[in-house]
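**Student:** Got a structure for you, written out below as structure tokens; questions coming shortly.
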Ligand code: MTE
């Protein structure tokens, strides 16, 4: 029996928390309810969104599991879990965000193709594992390499799951060698999540975590690593997760004209209210998350309760008793920033949130301007409509 196998049906899926909101059952795609999402800085594993493209792989015998490294290297190797555990272990707190987060709101403007997600297709975990830069040294690739002696420029990750989009083949993705061999990029081969052994849904026994980049590149159930001259040609790199302008639709798309999305742009959302909600007029606590890609910090989160006429700056925080400073040495650069503000909510208010990152990037105002046929990267201002606030007695405070 090989170490890691992929079932072809959904008969052996792992147990999941009953409070998750299921967006698709087979493959299993689910997110927590928005109010649960910002209850803690570190997302409990049970409430971490689950994004799959096929049945969940299984390990029959961990002692037989290996990950191979081959391609444009002088000598291919096979690493066991023992070999991976023997490397220095790093804990990196990083947010994974699916590129389809907030897709449902984009599809309300114009139909898009893809699983519908509310605002919770993201979560923050402390990932434990070996640095990919250390692993690649085992095949003779030095740190901070852009190209191997044999011309390799990309690191491809191959899984074992059977994905419909790949006609039953496995999920694949790649990142540039430069990023993979940079110890400061913190790319991990992770075997732990929040101090526990990674569970099946999140990639047991070993997954890639690429901080600051859309979740699609963090390949779960890692089977092999290939060093290649070109980036990965798989479906999820070349025919998906690319950002097209609003003028491109399914009848005029040319996938090769755009590059695969890597970093995610600045994003924020309010989690204490539904998009259309009812609260009493008066003071209310508004809280949510903000994050940006590429390790950029969050410089500011602005909240408006009058549809954008006036704004207040929300308090930003990560860990208790540690002041959050955008790009400061004490702040987790790969993780989201939570925010809160107490605002006076007038009758029939429109509450807005927008974040600014440390490179002064701001979220776009309107979803219409960034509509794209796959419904990815909806980072438009988050808008909440408060209805009948004076006539209904339900408070969210
Ligand atoms: N890896 C494999 N093998 N198969 C997948 O379907 N989904 C990707 C990525 N890695 C996927 C995968 C996508 S699109 C996302 S957003 C993240 O895993 C989700 O990771 P999570 O389920 O641990 O939250």
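The backbone N, Cα and C atoms fix where each Cβ goes, glycine too.
TrEMBL annotations: computationally assigned, not manually curated.
These came from TrEMBL, pasted as-is:
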REGION    1-26  region 'Disordered'
COMPBIAS  13-24  compositional bias 'Basic and acidic residues'
DOMAIN    53-235  domain 'Oxidoreductase molybdopterin-binding'
DOMAIN    260-388  domain 'Moybdenum cofactor oxidoreductase dimerisation'
**Student:** Cβ under 8 Å, sequence separation of at least 6 from the ends of the region 'Disordered' (1-26): give me the contacting residues as numbers and ranges.
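**Tutor:** For the region 'Disordered' (1-26), the nonlocal Cβ contacts are 32-33, 36, 46-47, 50, 54-66, 115-118, 120, 160-162, 168, 170, 199-201, 205, 221, 223.
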**Student:** Need one number: mean pLDDT over the domain 'Oxidoreductase molybdopterin-binding' (53-235).
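**Tutor:** In the predicted model, the domain 'Oxidoreductase molybdopterin-binding' (53-235) has a mean pLDDT of 98.
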**Student:** Give me the DSSP three-state residue breakdown of the compositional bias 'Basic and acidic residues' (13-24), ordered helix, strand, coil.
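**Tutor:** Taking the compositional bias 'Basic and acidic residues' (13-24) as a whole: 0 helix, 4 strand, 8 coil.
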